[in-house]
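As annotated by Swiss-Prot, domain 'FAD-binding PCMH-type' applies to 78-248. Annotation comment: Swiss-Prot describes 130, 210, 352, 372, 415 as N-linked glycosylation site, evidence class sequence analysis. What Swiss-Prot records for 1-22 is signal peptide, and it gives sequence analysis as the kind of evidence.
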């Protein structure tokens with residue numbers, strides 16, 4: 001190589017390094033290389049069988065239990081190659097498995113209930129650490145908190161605590177785990193009263209990427225505690241946690257479900273905007289769920305508008321708030337007073353509901369401040385147009401609207417957690433069950449719906465709830481525009497420098 005060429009290359013390298021040092025390119029030490037070894041159940045049994053607790057199961061795809069142990073709500077987020085499932089029997093087993101994977105360069109993924117829409121999980125190849133046996137719940141002597149193990153889920157928790165006169169914030173669907181939603185913030189019917197699930201964390205028992213078990217709370221590893229409350233999927237596996245619990249206030253919840261025809265759309269959304277304002281849903285009105293969907297008994301070509309309100313208290317107080325909606329003529333109107341576990345059935349979010357079924361969902365999602373009525377009409381018209389063109393998609397197509405009370409969420413210091421969306425009020429998403437032949441149609445429909453929502457809020461940047469993200473959203477929209485990603489990535493270099501936790505909407509690209 002002649003002197004001129006060497007000089008040119010050296011100058012180019014200096015220039016390149018200068019550009020890189022000022023760019024947002026992720027440092028090399030956070031870029032994991034996918035060299036995970038292929039493993040077999042027999043190999044893992046030989047290596048780990050004697051050190052794991054009695055009752056731990058190790059099996060692979062040929063085992064009849066494999067399908068249930070790896071099932072996901074959205075089949076589009078099914079990992080590419082789960083080679084081995086380790087269904088741990090004790091919390092201590094999690095650290096042993098992670099340490100084994102760390103030492104042998106094997107990818108690992110924690111699993112509880114398999115929810116979430118993101119396609120980033122589909123890239124995973126390696127060992128699944130299944131937490132489904134870790135279902136212990138222990139109310140503490142002071143009756144102010146309880147210890148929840150990592151495999152608990154909403155239906156189990158609600159039934160256990162309600163019968164003893166207590167509640168804890170959980171997600172809204174009975175089939176969903178506690179910690180999957182919580183590590184992304186954790187929305188639910190009680191957040192108007194008590195904040196997000198993660199706002200109620202007292203202390204977490206966490207296994208880090210190298211297999212180390214550690215305590216994470218406001219005193220011990222406080223920086224990691226901040227990260228776990230909003231971006232926790234990127235940092236560790238929660239094997240158990242102490243979480244605040246509360247005495248239940250009322251013996252029953254009041255629900256009121258409406259079905260409206262399309263000609264009432266403008267009236268309904270105008271009434272919702274007056275009722276909700278921007279973050280003004282009353283604390284006891286835990287949630288209002290809405291959807292556009294085809295109901296064949298009413299019409300096979302025009303979607304109806306379905307809305308369900310849930311109030312933590314007596315019917316009289318709830319119906320006073322719902323007077324504007326009672327004034328809009330409905331195709332049907334049903335209401336009642338039920339226990340909290342029965343409320344999930346009334347709102348069709350119970351563990352046996354269709355909303356919990358595993359399907360090939362395609363979708364999109366965003367946050368809104370309020371409903372742009374013109375845009376909602378455009379989304380409704382698009383829905384009917386797509387169904388007319390592809391009637392086979394009708395049974396599995398929905399436009400969803402979720403309005404949780406955010407009263408308590410807004411009172412909590414935003415700097416206390418990495419959760420970035422305390423000033424967002426309405427969560428919306430589109431989902432359609434798509435066979436392979438219509439997947440491109442479903443994705444185009446999802447993109448068009450999202451584009452209308454985004455255009456309905458001129459001047460606002462897109463915002464995405466991490467637990468509803470589909471995997472193609474800008475990271476800033478998920479984790480925040482105000483420096484959160486910079487801080488989170490610095491914490492990654494401290495707690496997970498090899499980026500082992502990179503499967504669920506990762507803050508550092510795979």
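Just so you know, glycine gets a Cβ as well, placed from its N, Cα and C.
Owing to the predicted nature of the structure, the values given are computational and were not obtained by experimental measurement.
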Requested in this report: Enter the number of other CB atoms within 10 angstroms of the CB of residue 415 (N-linked glycosylation site).
Outcome: 8
Requested in this report: Work out how many Å separate residue 130 (N-linked glycosylation site) and residue 372 (N-linked glycosylation site) at their Cα atoms, rounded off.
Outcome: 43
Query - In three-state DSSP terms, the structure that residue 372 (N-linked glycosylation site) belongs to - result: coil
Report task. Consider the glycosylation sites 352, 372, 415 and say which one has the Cα lying nearest the Cα of residue 210 (N-linked glycosylation site). Result -> 415
Query raised in the report: Taking just the CA atoms, what is the gap between residue 372 (N-linked glycosylation site) and residue 415 (N-linked glycosylation site) in Å?
Result: 30
Query - Stretch-averaged pLDDT - the domain 'FAD-binding PCMH-type' (78-248) - result: 98
**Report entry** Other CB atoms, at most 10 A from the CB of residue 130 (N-linked glycosylation site)
**Finding:** 25
Report task. Round to a whole number and give the Cα-to-Cα distance in Å for the pair residue 352 (N-linked glycosylation site) and residue 415 (N-linked glycosylation site). Result -> 38
